[in-house]
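Heads up: the structure comes next, in structure tokens.
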Amino acid sequence: EHEAKLQRLREELSRPVIEGHHRQSHHQKQAQHRQHHQSHHRKKHRRQQQHHRRRGQSTTQYVNHSPPGFNQSQQAQQQSVPEMDLLKAETSKDEEPLRHRVARAVTAKKERIWDYGVIPYEIDGNFSGIHKALFKLAMRHWENSTCIKFVERDPEIHPNYIVFTVRSCGCCSFVGKRGNGPQAISIGRNCDKFGIVVHELGHVVGFWHEHTRPDREKHVVIEHNNIMKGQDYNFNMLSPDEVDSLGMAYDYDSIMHYARNTFSKGTYLDTILPIEMKGRKRPEIGQRLRLSQGDIAQANLLYKCPKCGRTFQESSGIFASPSHYTAGALSNETEHCEWRITATYGERVELKLENMNIFKSNNCETDYLEIRDGYFEKSPLIGRFCGKVDKEVIRTESSRMLLTYVNTHRIEGFRGFKAEFD
């Protein structure tokens, strides 16, 4: 039964999606959705007019329906991003709508960066086991390519955290860390697809949409005449003062980029058209399959991830420091690596350290292998090792282990280490 569920999940995740809907032949499902929406829109026009007056037409929007512990004052000035033609996040009556939306270029506000790259989370109990597995798979996707860590919230040490829930906005998330306790990441109807959850987690990490960065006019054309009434604000472009692209090039392949017909008046009308380069095909945009190389590179820059190392989520494996494979060849560059080993909740990590040869400094201050029982640099220290070690077995009390390797003395013969984990 478990294998059957996993197979169904794999089949579900293999389907390309765009911002809350499956992409079928000629956007069939999108057309069906709009026809259904239009047929009901006329019947409910008066009631919707009143509802929209309450909601406003904010481009940087706020979630009114919040997890336990939220209140109206906490929500003020907190930004959220709705997806496609799903319900937009609401604003309180007293809040002045902000007429801007920012790019995938990451937030320029440092206070919105999650401390140590650790993002605690909770999942509402109303979600099914399949949904919970999907959310965790999307979080693991971010972890696999970055030093960001999604961890189950511990109330004693995690005052700020995300809550997977369903809100009136349908599919939306705050951008970066709010800093006032819980914050919603809404995964509503038609949002429960792998690529869309990865996209929403991108907002949590600190990413905005790609197509509104300041240099977008060199890369895309916005077809304003084709945009649905009342949705123009989703295509506003911001100034360099509001956006920090961290020197990264415009990324058509970003999972944070809108599709060509997002918020379109008609299925076959483009709202965003990539500029055609001489002799080249127009780039595809709006993929919801996986993080692009640009997404990964920018997240690693934003969170200052070490250039080597990785996250292990396999049940076992073998790895080594870069210098181990070069026999400790001479170099002027410092090696700084980080490995994160994640076991299933309730299990422990066992590490077999062997063939370690690291320059021995006083108290292992300059060159070392540091091992912690947990997921970040404040986790309990198991030990800091340098010099020669033939064999050593190390076990955690938790389900995670963090290894940090620093080699400043790139002297020939100091090969670093090799390790095996279970």
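Cβ coordinates are placed from backbone N, Cα and C, and glycine is handled just like the others.
TrEMBL annotations: computationally assigned, not manually curated.
Model, not experiment: these values are computed from the prediction.
Some features that TrEMBL has for this protein:
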COMPBIAS  1-22  compositional bias 'Basic and acidic residues'
REGION    1-82  region 'Disordered'
COMPBIAS  23-56  compositional bias 'Basic residues'
DOMAIN    104-306  domain 'Peptidase M12A'
DISULFID  CYS169-CYS191  disulfide bond
DISULFID  CYS171-CYS172  disulfide bond
BINDING   HIS199, HIS203, HIS209  Zn(2+) binding site
ACT_SITE  GLU200  active site
DOMAIN    308-422  domain 'CUB'
Cα distance, CYS191 (disulfide bond) to GLU200 (active site), nearest Å? 9
Rounded to a whole number, how many Å is the Cα of CYS169 (disulfide bond) away from the Cα of HIS199 (Zn(2+) binding site)? 15
Compute the average pLDDT of the predicted model within the domain 'Peptidase M12A' (104-306). 93
CYS171, CYS172, HIS203, HIS209 filtered to the recorded positions whose C-alpha is within 10 Å of CYS191 (disulfide bond): CYS171, CYS172
Reduced to three states, what secondary structure does DSSP give CYS172 (disulfide bond)? strand
Please give me the CB contact count at 10 A for HIS209 (Zn(2+) binding site), counting all chains in the structure. 25
Using all protein chains in view, find how many other C-beta atoms are within 10 Å of the C-beta of HIS203 (Zn(2+) binding site). 23
Under DSSP, is GLU200 (active site) helix, strand or coil? helix
Fill in the CA-CA distance, HIS203 (Zn(2+) binding site) to CYS172 (disulfide bond), as an integer in Å. 9
Express the distance between the Cα positions of HIS199 (Zn(2+) binding site) and CYS172 (disulfide bond) as a whole number of Å. 10
According to DSSP, does CYS191 (disulfide bond) fall in a helix, a strand, or coil? coil
Around the C-beta of CYS172 (disulfide bond), how many further C-beta atoms are within 10 angstroms, looking at every protein chain? 27
Summary of DSSP states over the domain 'CUB' (308-422), given as helix, strand and coil counts: 7 helix, 59 strand, 49 coil
What's the number of neighbouring CB atoms sitting within 10 A of the CB on CYS169 (disulfide bond)? 26
